[in-house]
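Engineer: Take a look at the following structure, please.
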């Protein structure tokens, strides 16, 4: 399975790291935004080199010659995790000024699965309208909202819950959580 992964500048880097760790064996194409690089320094015990090592292919966010910027390059899904509100707003407005937003635009025009994982809270009416617009256009909006019916005992358990759901959405089997 070919999966494009974008990491934008929202809080929630542990979701991205755990997601990539669980995609081993799949063909992954990773883009880390400039803002995400800063968030990684503040929020993660992992360094950028480790995160990049989890992907099969790595691209800079300004590399419009990357294959994922073209509709003729076939991939199964794109996941932006975490997805900043700025990135959601750009995608909703059709702005493709970064490789992440360009690959998202390709996903939309080619009718490929696009999943955005916002972590922001609270949300403004504008944020909600942008997410609604994306959903109406086939994007899966999967907020990073852990379930508590699994009785998580740690932050890692809560991260596992969200990542398990994202993996389910892209069709990658996993046993990160106890299922009903």
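Including glycine, each Cβ sits where the backbone N, Cα and C put it.
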Engineer: According to Swiss-Prot, 9, 10, 11, 84, 85, 86, 87, 119 bind FMN; which one of 33, 65, 69, 135 is listed for that same site?
Structural biologist: 33
Engineer: If you draw a 10 Å sphere around the Cβ of residue 84 (FMN binding site), how many other Cβ atoms fall inside it, taking every protein chain shown into account?
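Structural biologist: The answer is 24.
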Engineer: What's the CA-CA gap between residue 11 (FMN binding site) and residue 165 (dimethylallyl phosphate binding site) in angstrom, rounded?
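Structural biologist: Roughly 18 Å, rounded to the nearest whole number.
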Engineer: Hey, how far is residue 165 (dimethylallyl phosphate binding site) from residue 86 (FMN binding site), Cα to Cα, in Å?
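Structural biologist: Cα of residue 165 (dimethylallyl phosphate binding site) to Cα of residue 86 (FMN binding site) measures 23 Å after rounding.
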